[in-house]
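Q: Pulled the feature table from TrEMBL, pasting it below:
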type: BINDING; residues: B:GLU133, B:ASP179; note: S-adenosyl-L-methionine binding site
type: COMPBIAS; residues: B:274-284; note: compositional bias 'Basic residues'
type: COMPBIAS; residues: B:288-297; note: compositional bias 'Acidic residues'
type: COMPBIAS; residues: B:298-320; note: compositional bias 'Basic and acidic residues'
type: REGION; residues: B:238-353; note: region 'Disordered'
Amino acid sequence: MEANNGEASGSSSKGQSRIQDGHNVLFRLPSGELKSMKITGNATISFGKYGSFNSSELVGQPYGLTYEVVDKKLKALPPKAMDELEETEATNELIDDGLIVQPLSTAEIEALKSSGVPASEIIKQQIESHTNFALKTEYSKEKYKKRKEAKYAKKFSTIEPTVFNVCEYWFNKDKGRIHDIRSDTLAQMMNLANIRPGGKYLAVDDASGLIASSILARMDGHGRLLTICDVDSPPAYPILVHMNFDEDMINSTLASLNWATAEEDYVPSTISSLSSVVPPTEPQDGIIRSERQKQRLNKRKNIQGTLAATREELFAGEFDSLIIASDYEPYSILERLAPYLSGSGSIVIHSPSIEVLSDVQAKLRADPQYLGPSITEGWLRRYQVLPGRTHPLMMVTGSGGYILHAIKVFDDPSANSVLAVKQKNKKPKVDNDEDAKMEGSSEPPAGETKAE
Amino acid sequence: MWSNEREIAAGDLVIVWLTREDIQPLIVTPGKELNLRFGHYRHSDLIGIPYGSKVGSRNGRGFVHLLRPTPELWTMSLPHRTQILYLADISFIVSYLNIKSGSQVVEAGTGSGSFSHSVARTIGQDGHLHSYEFHEARANKARDEFDRHGMANIVSVTHRNVCKDGFTVVDKVDSVFLDLPAPWSAVQHAKKALRKDRTTRICCFSPCMEQVLRTVSALNDAGFSDITMYETLLRPHEVNTTPRLPTAGEASARLKGAMARREEKRLLQVAASQRKRAAQKRKRETNGEDGDDQDVDEQAKGESTEAAKKLRVDNDKPEGEDSEETNVRLVPTEGGSPPAVITQPALSSSQPQIPSQIVISKVSHEVRGHTSYLTFATLEPALGTQSNAEALVATIAEPEPPQPPTDQ
């Protein structure tokens, strides 16, 4: 455990904390906007008015730093501290809203910018010529400076591609692509599904691969994820590219089937040909003609082998959890996949609308192979915490969708009466039950106690 | 950490699920008995049956489900030594701090171990949770518990007042979680524990806003950036299957019926009072004096109520039974409010079938409104550590060819 800093943890973690050639990097611009760019060799990265630079300058840098672009070169900046504001007597009572307060014209500002004057200097000049700046409250002055900085500063930050950050990026950019899954909701799904290194999971990810990315990131190469998709080629999970996972890690952890190949009584033509006595993949005359043909046949054989093995893996069952964020009706998915869950396995279904889930819950409650189905909705509120200016953000997201959670159990219709199991080996009654419970279990349970 | 086997074995920790509100941990110990309100069970009878099984009691008093422990079930069933963290906060913190397989994490204090179990599960054998607790008895109890749960190699508990004495790790961990009464006094120590070669993160968990403000200021002074704060909660939704809602048309039909019956009743009353008047008239004519009007009125009133009762339709067909027409049942209610209508829709083969039952959901009446504020901050990698990278970049730097931005 007491390993050195550099190699303290798992295989791909180290690679993920520093920018490498070929990485997809998220950038935060002074305007607050996020941009995704791929680092490729010596390409120029341009952020328009925020400057441009050679992408190779970022290679080897740790994620999470802020840079200033000076003469097309990057200068890493120290972390920016928040400024304490002195309360003053100023109020806005003397500020006339209609007055033109900035004698510096747009043309003059443009001239300053093109002459290479740093942003801080332009802002300083603007403040000096601002007729009413002194009348403003300190809060208002601060806001003014921040607004100007967002306009002129040639700065940007790199953002570490954590699942949280990638989810936030997509949720703000196009939440429809990720099934309306918000970061808090995704986090709850991962915990409810008991995602851990070494686990074995089944997922239906119609959220552009956000679920798969999150599970793979948590397992970091240890464990297995089998996804079921609705295309007849390996699923395109576009979110995966943001995670910059190691290709080998993905290949050893992730496998996929589609709704047809995931059916036990469906025999894909490729597999039937593989298992038949005379494999038609080989030419009828038994002679392999060219090297290319040989390669093609081998490749085909490999694909067939992988498909057959993945199917066997699914049908063998004993998956720890089933995670669903799908555009298909969830109960129809459950009917197909729940049999492959282990006893006590977790079922986690996400939907942007509650109606879809409440219908499923009504069905699960009537079915003794599902225990404790419950629907929850995440609620999240972010605060600005600047000194003296702490308040919730003015604009928040409405909903990150709903989660249905249930536990797969084995029913025993006779269990209502007497214990049928092991009735034969009756043993004499030994000591009392109090020690049988764990210490403290007489305390009230964590949840609110309600009458049954 | 806990059993991965299919079947329950002696010595396993299992979660006994009685009801949603009554979930208990149990260590399977042959020779012992478990006595619950849902019957008696012998531990030895539980050995060898698969996790997730429903098990009936020996005395036929009910059944329980035996579940494989997860940190989430453990949180719902654990013995409380302190106020504990729940799913919404735990999962959000784990996600924000980017805790995953192999992560090195500091936690203070250990408390009841609700957060510790979740983190231990997530980081696995390759990670480590350095947990600190200043209450000695609680630290010992937690250590024993982690040991029993097979987590001793993942979690180490140190009895220590971290606000005064700091942590025992330096430049090592990926994230720090502080659940302390005065987290601001441990912020500088936390900074020492965090590794400096990459972005690391801290979360401070405080129920009160005053604590948040002091913590924010301490984080700022210590050089943390991206300071922000969140509140997160779970809103449970209750789902119920109920008869479909009656339509306004059905209300109208009922009212029309009621009004028709009232008219009928009025006519009956009119007829009755006419009969009375005729009778009184005859009486007066025979007696030659005024009769007792009051009594007659009362009598008429009584008659009309009787009539109204007879008109009440009371159809007691069992629910869900198919019927060819809509049955409207008027249930008289107290206090003059309109009668509740229970309807069964008309089913006919020619019409599309209207479901008689609908599924509705609403937010539970009483929900948790606040747990704690989650203050997060980032410690950026130290600028000194990139000298190698800069040197590397300098050697490969070439005149840049003009290229369009590779925006995607």
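From the backbone N, Cα and C atoms, a Cβ is placed for every residue, glycine too.
Unlike curated entries, TrEMBL annotations are predicted automatically.
Would you situate these features in the structure and describe their surroundings?
A: For B:GLU133 (S-adenosyl-L-methionine binding site), the count of additional Cβ atoms within 10 Å of its Cβ stands at 27 [all protein chains shown]. Mapped onto three states, the DSSP output places B:GLU133 (S-adenosyl-L-methionine binding site) in strand.
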Q: By DSSP assignment, list the helix, strand and coil residue numbers for the compositional bias 'Basic residues' (B:274-284), in that order.
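A: When I sort the residues of the compositional bias 'Basic residues' (B:274-284) into the three classes, I find 11 helix, 0 strand, 0 coil.
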Q: May I ask which residues of the same chain, at least 6 positions away in sequence, place their Cβ under 8 angstroms from the Cβ of B:ASP179 (S-adenosyl-L-methionine binding site)?
A: B:LEU85, B:GLU107, B:ALA108, B:GLY109, B:GLY111, B:PHE115, B:PHE205
